[in-house]
Amino acid sequence: MDPYYKGAIFALFSAAGFGITPVLAVFAYAGGVSVYSLLFLRFMMAAVVLFSYIFFNKNEINLDIYDHLKLFVQGGIIYSVFSICYFSAISIISPSLAVLLFYTYPIIVALLSFLINGEQITKRIVFSIIVSFAGLIMLFGENFNNLNKIGILLALGASISYSVYAIYGRHILDTIPLAVTTAYICFFAAFTFLAAGLYQNKLNFSFTPVSWIYIGLITLITVGGFLSFFAGIKLTSPTIVSILGMIEPIMTIILSFIIFSEQFSLIQIMGVVLVLTASTQVLFKKQKKIIKNY
């Protein structure tokens, strides 16, 4: 199979997996799991799985201090900033508005990829981004009242930090193997969420035993999702992966409809169709990439 299409499949798998995570998180929260506890356990358990895989496959980890620093910046700072901004935005403004503002990140990724990597912004990419975003507006759009500037800035901060995360991740993969990259990012993210949870006294491990099932499922999705995300970036580009990532909220919506019996209007259904149609346009023609040396 062409590496480009293989990378696109990885990106779709990652988006679908991360789209399932919020639904599983709802059940975990219902069992008494706090947000910081879930984030810490999710990434720490994922790191254990990944490092175990590396160990049993006898893969050598030859990282210098600079490599460790790069991975700490990626997992401990950039990804953690994204998570904190995103969840904080949802707590201040409506989740639908937070989602809309966050999904401006494919635009930022495309611009950064052009400026930093020399990646071409084709008409197909522009079409996919614009139409997909229009579909998200139809899906999540509502009459937003009492807009909070802090909440809006936090949502945009999540968009910007996630864009940097995607671009910087591509840079890291040039010198560090995929599994090692993912393992260290998960470990450093877990460390950051542990520290933040302890500082804010929001770590809670007194939850129902059944919650461990949902935490375990989220962990497995995290391992597969992160590996697929970075594999997709390496085989295609950050821009392509970000566009295909717009399918993530669609998966969440579909599962919410099936599991929670949520009702959706005709406009919202049309929005789903638009996102699916536009985002998958990038699959039909291989994009020409021009990557500069870092």
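Cβ atoms here come from the backbone N, Cα and C positions, even for glycine.
Automated prediction, rather than curation, is the source of TrEMBL annotations.
For the domain 'EamA' (6-140), residue counts in helix, strand and coil come to 114 helix, 0 strand, 21 coil, using DSSP. The domain 'EamA' annotation in TrEMBL covers 6-140 (among others).
As annotated by TrEMBL, domain 'EamA' applies to 150-279 (among others). On the 0 to 100 pLDDT scale, the domain 'EamA' (150-279) averages 90 in the predicted structure.
Per TrEMBL, the feature transmembrane segment maps to 7-29 (among others). Residues 35, 38, 207, 211, 214-215, 217-218, 221-222, 224-226, 228-229, 231-236, 240-241, 244-252, 255-256, 259, 282-283 of the same chain lie 6+ residues outside the transmembrane segment (7-29) yet bring a C-beta within less than 8 angstroms of a C-beta in it.
Per TrEMBL, the feature transmembrane segment maps to 35-56 (among others). Using a Cβ-Cβ cut-off under 8 Å and counting only residues 6 or more beyond its ends in the same chain, the transmembrane segment (35-56) has close neighbours at 25, 28-29, 83, 87, 179-180, 182-184, 186-187, 189-190, 193-194, 196-197, 200, 202-205, 207, 215-216, 218-220, 222-223, 226.
Per TrEMBL, transmembrane segment is recorded for 77-94 (among others).
Annotated transmembrane segment per TrEMBL: 100-118 (among others), in sequence order.
Counting only same-chain residues 6+ beyond the ends of the transmembrane segment (125-144), those with a CB under 8 A from a CB of the stretch are 93-94, 96-97, 99-100, 103-104, 106-107, 110, 239-240, 243, 246, 249-250, 253, 267-268, 270-279, 281-282, 287. According to TrEMBL, the feature transmembrane segment maps to 125-144 (among others).
Annotation comment: TrEMBL describes 150-168 (among others) as transmembrane segment.
Annotation source TrEMBL lists transmembrane segment at 175-199 (among others).
The transmembrane segment annotation in TrEMBL covers 211-233 (among others).
Positions annotated as transmembrane segment by TrEMBL: 240-260 (among others).
Sequence-distant contacts of the transmembrane segment (266-284) (same chain, at least 6 residues past either end, Cβ-Cβ under 8 Å): 5, 8, 124-125, 127-132, 134-140, 240, 243-244, 246-247, 249-250, 253-254. If you look up TrEMBL, you'll see 266-284 (among others) marked as transmembrane segment.
Under 8 Å from some Cβ of the transmembrane segment (100-118) lie the Cβ atoms of residues 86, 89, 125, 129, 132-133, 136-137, 140-141, 152, 155-156, 158-160, 162-164, 166-167, 170, 237-239, 242-243, 245-246, 249, 289-292, all in the same chain and six or more residues away from its ends. Between the transmembrane segment (150-168) and the listed ranges 77-94, 175-199, 240-260, the one holding the most Cβ pairs under 8 Å is 77-94. Note on the transmembrane segment (240-260): residues 7-8, 11-12, 14-16, 18-20, 22-23, 99, 103, 105-106, 109-110, 125, 128-129, 132-133, 136, 139-140, 163, 166, 229, 232-233, 268, 272, 275-276, 279-280, 282, 287 of its chain, located 6 or more positions outside it, place their CB under 8 angstroms from a CB of the stretch. Beyond its flanks by at least six residues, the transmembrane segment (77-94) meets 35, 39, 101-102, 142, 144, 147-148, 150-152, 154-155, 157-158, 161-162, 164-165, 168, 185, 189, 192-193, 196 of its own chain at Cβ-Cβ distances under 8 Å.
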